[in-house]
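Chemist: Can you keep this structure in mind? I'll have questions shortly.
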Amino acid sequence: MLTLANHTFSSRLLTGTGKFSNATTMKSAVSAAQSNIVTLAMKRVASNNAQDETLKALRELGVTLLPNTSGAKNAQEAVFAAELSYEALGSQWVKLEIHPDQRYLLPDPIETLRAAETLVKKGFNVLPYCGADPVLCKRLEDVGCAAVMPLGAPIGSNQGLQTAPFLKIIVEQASIPVIVDAGIGKPSEAMAVMEMGVDAVLVNTAIATARNPVAMAKAFASAVETGRCAFEAGLGATSNVALASSPLTAFLEPTV
């Protein structure tokens, strides 16, 4: 079970809603992924009406909505976006995203920390998208974030776990949930990072752009569950030399 801000969720796979060909496919994929938490863009939240098929589909699924502040270029804009989402949905959940660079969409660490501190004081459950920086993640934890969401690779790139060495340090040091966000392109990568000990992953592009998004969502759900089971079971130690699994006895030597 995944616990965030005193709320418990059965799934450790969070999904996004962007890039799907239509709302029906998105709804089927989210259902197949068995996700309890789903992110959505502020433009969906701001509309907040029955005409928005994506928002309608998500409400029918009964998932927890996690509005993001994507598009915000600084802390002030992000705080404003979060307050708008609260007015529209009455929810204090927010995925904090501040990436002024539109080419690589890398998060601004300084503005993210500033916005996180402000939003926590305002009573929001803040889940910040951030670089895989162990020092920054501890600072975000210190200001009261409900979790940290370090990237595996740039958003939408499907490049996989480019930041794996730093993710390991973040997991080792964190006292709050670690959710790897961005860059995961294959179920095997989701499984690998879950084996590492992260608490959850967020996947959007890899599912939405697959030839069969629903089947891919199922694959990711299985991978996340398998990876978590492996972590909890306790992975065997690695060795630089061979270690025989059977006794090396002298039974082939001639007897006297």
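Heads up, the Cβ atoms here are built off N, Cα and C, so glycines get one too.
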Chemist: May I ask you to find which of Gly156, Gly234, Gly236 Swiss-Prot records for the 1-deoxy-D-xylulose 5-phosphate site already listed with Ala182, Gly183, Asn204, Thr205?
Modeler: Gly156
Chemist: Measuring Cα to Cα, how many angstrom lie between Gly183 (1-deoxy-D-xylulose 5-phosphate binding site) and Lys95 (active site, schiff-base intermediate with DXP)?
Modeler: 17
Chemist: Could you measure between Gly156 (1-deoxy-D-xylulose 5-phosphate binding site) and Lys95 (active site, schiff-base intermediate with DXP) for me? Cα positions, answer in whole angstrom.
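Modeler: On Cα coordinates alone, these residues lie 16 Å apart.
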Chemist: Distance check, please: Cα of Thr205 (1-deoxy-D-xylulose 5-phosphate binding site) against Cα of Lys95 (active site, schiff-base intermediate with DXP), rounded to an integer number of angstrom.
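Modeler: About 17 Å separates the two Cα atoms.
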Chemist: Expressed to the nearest Å, what is the distance separating Ala182 (1-deoxy-D-xylulose 5-phosphate binding site) and Lys95 (active site, schiff-base intermediate with DXP) at their Cα atoms?
Modeler: 13
